[in-house]
Amino acid sequence: MDSKDEGSALCSSPVYVHNPHLDALKEDILYHFSLGTETHNLQDMFGDVKFVCVGGSPWRMKAFTEYIAAELGMEDPQSEYPNICAGTDRYAMYKVGPVLSVSHGMGIPSIAIMLHELIKLLYHAKCTDVTIIRIGTSGGVGLEPGTVVVTKQSVDPTFQPRFEQVILGKTVVRNTDLDQSLAEDLLQCNKELNQFKTVVGNTMCTLDFYEGQARLDGAFCSYTEKDKQEYLNKAQEAGVCNIEMESSVFAAMCKLSGLRAAVVCVTLLDRLKGDQLGSSHEVLHSYQQRPQILVGYYIKKQLNAKAAKDS
Ligand code: URA
């Protein structure tokens with residue numbers, strides 16, 4: 001290793017796990033990915049990963065892979081971007097160069113399980129300096145549908161910036177801070193792109209799409225329209241710009257593992273004006289592309305800057 005390499009290795013930031021029991025495992029089976037440390041050479045497969053993008057739907061993450069491959073000039077006309085987790089239907093995973101794209105399903109439990117295995121995967125693969133971004137959809141609070149929200153803080157349904165995990169019957173409170181410099185970089189990218197409105201604000205993370213998000217159109221509802229409006233107005237006063245179901249555990253787990261993390265969600269509707277997703281499929285589809293476009297621009301800019309520095 002020459003002194004330049006040694007210097008950069010010293011500055012590089014690893015992915016952390018905090019679990020002494022892992023060392024005792026002969027093999028670590030990443031069951032929901034259908035991958036393992038004995039059956040796969042994770043360092044060969046994933047060691048070059050620098051960006052991880054996660055989103056709810058497998059279809060959307062495949063579309064993101066195709067999009068980013070074209071943006072980075074890394075399309076492979078011979079290959080259909082195989083799903084790396086093909087042995088399971090739990091999550092889908094695709095890779096193009098240094099960009100990994102993984103689906104996480106809906107809600108905190110689903111994304112938490114995926115993140116445990118993803119963080120271990122990045123750790124076993126000895127990845128360094130990884131940036132992770134959730135690209136998703138949300139309900140807006142007082143925003144024009146189609147606005148993109150870069151999350152400042154993920155807050156719980158009482159508007160507190162925290163995530164509660166019950167471990168051995170005891171509630172452990174975890175911090176939900178996200179990387180503020182990454183959020184600023186993304187906002188700067190949006191200025192340069194100049195294609196759609198993007199704001200920075202708090203994101204409320206709930207356990208449910210209906211009662212948990214004060215909707216009036218679930219199977220059960222025990223509150224009035226006035227109660228709903230009062231609650232959403234209070235959320236807005238607390239700086240909440242949008243509502244979704246994954247950001248709190250995402251922020252908490254990424255912080256624990258030393259990953260530079262951001263949440264970028266488009267709003268599909270304004271919850272101050274309604275509950276149902278009534279826009280046409282085409283309109284919703286075009287909104288869903290916005291986080292992909294912004295994050296794709298950011299990744300390309302970072303890779304171009306690194307290539308210029310290295311040359
Ligand atoms: N996702 C959510 O969690 N809520 C919405 O209103 C829209 C998308």
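Using the three backbone atoms N, Cα and C, a Cβ is placed for every residue, glycine included.
Curation does not apply to TrEMBL; its annotations are automatic.
DSSP gives R134 (phosphate binding site) a strand state. Note: R134 (phosphate binding site) has non-local neighbours C53, V54, G55, H104, E246, S247, F250, A261, A262, V263, V264, C265, i.e. same-chain residues 6+ apart with C-beta under 8 A of its own C-beta. Annotation comment: TrEMBL describes R90, R134, I135, G136, T137 as phosphate binding site.
Counting every protein chain shown, the Cβ of R215 (substrate binding site) has 18 other Cβ atoms within 10 Å. For Q213, R215, the entry in TrEMBL reads substrate binding site.
Look at TrEMBL and you will find 50-295 tagged as domain 'Nucleoside phosphorylase'.
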T137 (phosphate binding site) and Q213 (substrate binding site), distance between Cα atoms, whole Å: 14
Predicted model, mean pLDDT over the domain 'Nucleoside phosphorylase' (50-295): 97
Length of the line joining the Cα atoms of T137 (phosphate binding site) and R215 (substrate binding site), in Å: 16
Neighbourhood of ligand 1 - binding-site residues from R90, R134, G136, T137, R215 with Cβ under 6 Å: T137
Three-state secondary structure, R90 (phosphate binding site) (per DSSP): coil
Among R90, I135, G136, T137, Q213 [binding-site residues], residue with fewest other Cβ within 10 Å: R90
